[in-house]
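The structure under discussion appears below in the form of structure tokens.
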Amino acid sequence: MATDLGELLVPYMPTIRVPRTGDRVFKSECAFSYDSPESEGGLYVCMNSFLGFGREHVERHYRKTGQSVYMHLKRHVKEKATGAAGGAIPRRRNGKVFLDLELNRDFNGDDYEYEDEAKLVIFPDHYEIPLPNIEELPALVTIACDAVLNAPSPYKKQESDSWEEEIQVSRHARSLRQLDNGVRIPPSGWKCAKCEMRENLWLNLTDGSVLCGKWFFDGSGGNGHALEHYRESNFPLAVKLNTITPDGADIYSFDEEEAVLDPHISEHLLHFGIDMLQMQRTENGHHTDNHVQPRISDWEVIQEAGLKLKPVYGSGYTGIKNLGNSCYLSTTMQVLFSIPEFQRAYAGNLQRIFDYSPLDPTQDFNTQMAKLGHGLLSGQYSKPPMKSELIEQVMKEEHKQQQQRGISPKMFKALVSKGHPEFSSNRQQDAHEFLLHLINLVERNNSGSENPSDVFRFIVEERTQCCQSQKVRYTQRVDYLMQLPVPLEAASNREELIAYEGKRKEAEENMRPLPEVVRARVPFTACLQAFTEPENVPDFWSSALQAKSAGVKTSRFATFPEYMIVQLKKFTFGVDWVPKKLDMSVDVPDFLDLNRLRATGLQAGEEELPDLTPPIVIPEDTRDSSTNNSLESPEIDESSVMQLAEMGFPLEACRKAVYYTGNMGAEMAFNWIIAHMEEPDFAEPLAVPTYMESDLPSPSLPTTSALDNQPPEESISILTSMGFPRHHTIQALKASNNNLERALDWIFTHPDCEDESEAMSDTADTEPNDNSFSNANAHTDSSLSPDQDLSSPRVRDGPGRYELFAFISHMGTSTMSGHYVCHIKKEGRWLIYNDHKVCLSERPPKDLGYMYFYRRLSSC
């Protein structure tokens with residue numbers, strides 16, 4: 001038989017590889033679906049590429065590549081036999097479990113056991129060879145099989161590269177002993193039991209003692225009494241008192257000598273009278289309890305805690321597992337795939353996308369979007385428990401709710417966050433920033449006639465007026481969402497807020513419990529009014545005066561999108577630059593009419609500002625030099641730089657992003673960063689352009705020589721990413737001296753430049769252009785604005801009346817922590833998507849949302 005197997009494998013030996021360092025082995029998830037070794041058909045791992053495939057997709061890979069040898073992995077879940085007393089037989093070491101897979105939480109480890117099975121399968125005849133089979137298989141095949149079975153998860157490398165080291169669960173957490181000594185921790189007034197320290201205090205989770213932490217070299221910290229107590233008592237776990245929030249707390253294990261996780265921290269704190277849901281992180285340690293008379297917290301209201309929510313199953317009702325601070329991604333994707341255009345673009349084109357996917361589909365954005373869309377919409381991974389299972393539970397007198405499993409977005413997250421310093425980390429992120437990041441990826445990877453992100457795109461008209469000359473300038477820009485300021489001064493309960501603030505300060509000064517928190521109630525109409533108010537333009541250069549002057553700017557909608565995203569600007573920076581969230585309630589309407597905000601363009605009686613370019617200031621020593629010299633350091637909006645740096649990007653990269661986007665704001669600079677972050681000089685210092693003496697303009701002549709130069713590729717990329725053709729962007733940049741803001745204005749005001757466009761088009765044909773989005777503009781779309789020129793961004797203009805169909809809510813004190821859930825209206829009923837759980841919503845908290853999604857009403 002050994003000879004037979006050896007001869008059988010001879011034709012395939014050149015295709016069987018042993019995984020090398022750097023090879024990623026996907027043995028837990030299919031590249032095209034969410035099938036795993038636990039699925040009915042198991043998982044097939046290619047012995048050449050080490051990609052995993054479910055039973056429905058392995059044939060496609062075989063036909064495309066000709067690879068014939070696969071390792072088939074299958075995990076069987078069996079209920080343990082019961083003992084004489086009715087309980088499960090005690091667990092023994094199971095030698096039949098060898099796959100590095102997470103245990104299915106739906107099956108209690110004490111009542112179920114696992115058995116793993118592996119075998120080689122040769123296509124197309126599906127000839128099977130059970131493993132292990134050392135005696136009969138060639139040595140190379142045996143080594144390759146062992147290497148595949150023992151290979152680590154392909155995501156562990158990425159996780160270890162994250163800025164933030166993953167914190168492990170303490171081995172003491174599950175069996176922690178807590179003394180029943182009657183200790184109750186007060187909400188304020190703590191101090192170390194052995195000294196007078198009131199900062200850096202730690203609560204021992206065994207006996208409830210409050211002691212100070214260790215001393216730091218800068219003089220802060222404490223006297224190390226918490227560590228001394230551990231050495232005397234051997235009580236291992238302690239929690240830092242001023243870090244307790246509904247999201248968790250900072251926990252340290254003296255025994256393991258590192259920060260740890262405690263999955264049972266809520267129960268352990270409740271033993272000493274501390275309710276996590278009523279806690280808020282503080283910096284000074286003087287208090288944590290928000291209020292003595294507990295108000296129902298955001299966590300309970302938004303998650304609809306305490307209500308018996310009915311789980312739902314089937315197509316469109318599949319949850320997404322939380323990978324650890326990945327809820328910002330899950331909620332965003334749930335909402336996007338409730339939109340028909342995204343469903344059609346990816347799930348609707350599933351077979352075409354899969355058939356034309358590259359050899360490594362795990363690195364293809366469209367493939368992974370189609371996979372995620374199918375996983376959420378097919379209903380294949382959201383099936384209700386079988387009647388037999390429910391009957392069995394009743395017979396056993398078990399009434400526990402059946403867990404919804406959901407799908408794991410590991411492969412998708414690894415791809416869309418690749419190279420991004422924030423999204424690739426394990427930290428919580430801003431769902432708004434991730435949405436813009438994803439739209440950027442959708443546009444960069446779109447090559448079809450229908451770009452699903454078109455439904456969000458609209459044009460904003462900005463009217464800037466010189467306060468001295470009263471002349472105006474109208475410009476237009478592209479945007480994808482409406483950011484609404486929330487004016488706290490317009491709160492309907494302003495008197496209550498003022499009274500609360502006084503009581504809070506008094507309580508802090510006297511170290512007394514804080515009063516019940518009062519949440520600001522801001523009318524939505526006040527938010528709209530704040531959006532329409534004129535804003536001052538800093539450093540405004542008036543072409544009428546040819547000097548800097550005071551200027552004001554107002555914004556209106558030149559077009560209305562098919563879907564309007566409204567973001568409430570709840571997050572801000574404190575005086576210490578720590579991001580924080582404003583505690584507010586906004587009465588967001590179910591129906592929204594924005595028609596009164598439609599742009600009107602230049603009005604009768606208004607006079608336009610002259611179309612002049614601000615002068616370029618050149619130092620005298622540069623004029624006299626005969627060698628290359630750089631211009632003065634450019635003006636860079638430092639507030640935008642700091643905003644980007646706070647996201648974790650290198651400072652020099654932030655400066656370049658703001659510079660190359662013409663100081664047009666952090667959002668535009670963020671898009672530049674996403675497009676250039678993989679370049680080798682991404683974090684190198686900004687190099688200001690230089691000019692030869694012969695290129696320097698004479699003071700008495702127009703500055704035309706500089707315009708003859710090719711515009712920077714960065715500026716071209718930014719404009720083409722907005723949907724403008726490359727030749728038109730080059731024209732616009734040359735006409736505006738490479739100023740992005742004026743180039744945008746030029747594009748909108750010069751739609752018909754036929755002769756020059758044709759000339760530029762010939763040039764563009766010879767230049768490399770890998771922007772797939774600009775190629776997509778060659779396709780016509782009947783749903784676009786009828787009078788829209790092909791050189792304009794693709795927008796779907798129409799009436800500005802909308803109906804709310806989804807909203808994303810955030811719980812927590814800042815974007816750096818907390819939790820996201822989303823509510824979506826489907827088939828006339830609201831549902832709540834909370835990680836892997838999908839249930840009918842009883843009380844959708846529309847007033848506490850963060851991002852709201854509206855669809856245009858068909859009849860207006």
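These residue numbers are counts, starting from 1, taken along the chain as shown.
Using the three backbone atoms N, Cα and C, a Cβ is placed for every residue, glycine included.
What Swiss-Prot says about this protein:
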| type | residues | note |
| --- | --- | --- |
| ZN_FING | 168-276 | zinc finger |
| BINDING | Cys192, Cys195, Cys212, His225 | Zn(2+) binding site |
| DOMAIN | 318-857 | domain 'USP' |
| ACT_SITE | Cys327 | active site, nucleophile |
| REGION | 611-636 | region 'Disordered' |
| DOMAIN | 635-676 | domain 'UBA 1' |
| DOMAIN | 710-750 | domain 'UBA 2' |
| COMPBIAS | 755-768 | compositional bias 'Acidic residues' |
| REGION | 755-795 | region 'Disordered' |
| COMPBIAS | 769-780 | compositional bias 'Polar residues' |
| COMPBIAS | 781-793 | compositional bias 'Low complexity' |
| ACT_SITE | His819 | active site, proton acceptor |
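In sequence order, Cys212, Gly222, Asn223, His225 are the residues of the chain that are 6 or more apart from Cys195 (Zn(2+) binding site) and have a CB within less than 8 Å of its CB. Note: the Cα of Cys192 (Zn(2+) binding site) and the Cα of the residue listed as 'active site, nucleophile' are spaced 37 Å from each other. Neighbouring residues of the recorded Zn(2+) site, listed in sequence order and excluding Cys192, Cys195, Cys212, His225, comprise Lys191, Ala193, Lys194, Glu196, Met197, Leu201, Leu211, Gly222, Asn223, Gly224, Ala226 (Cβ within 8 Å of the Cβ centroid). Between the candidate binding-site residues, Cys192, Cys212, the densest Cβ environment within 10 Å is the one around Cys212. Of all Cβ atoms in the protein chains displayed, 25 besides its own lie within 10 Å of the Cβ of the residue listed as 'active site, nucleophile'. A Cα-Cα distance of 6 Å separates the residue listed as 'active site, proton acceptor' from Cys327 (active site, nucleophile). Its own atom aside, the Cβ of His225 (Zn(2+) binding site) has 21 Cβ atoms within 10 angstroms in the protein chains shown. Around the Cβ of His819 (active site, proton acceptor), a 10 Å sphere holds 22 further Cβ atoms from the protein chains shown.
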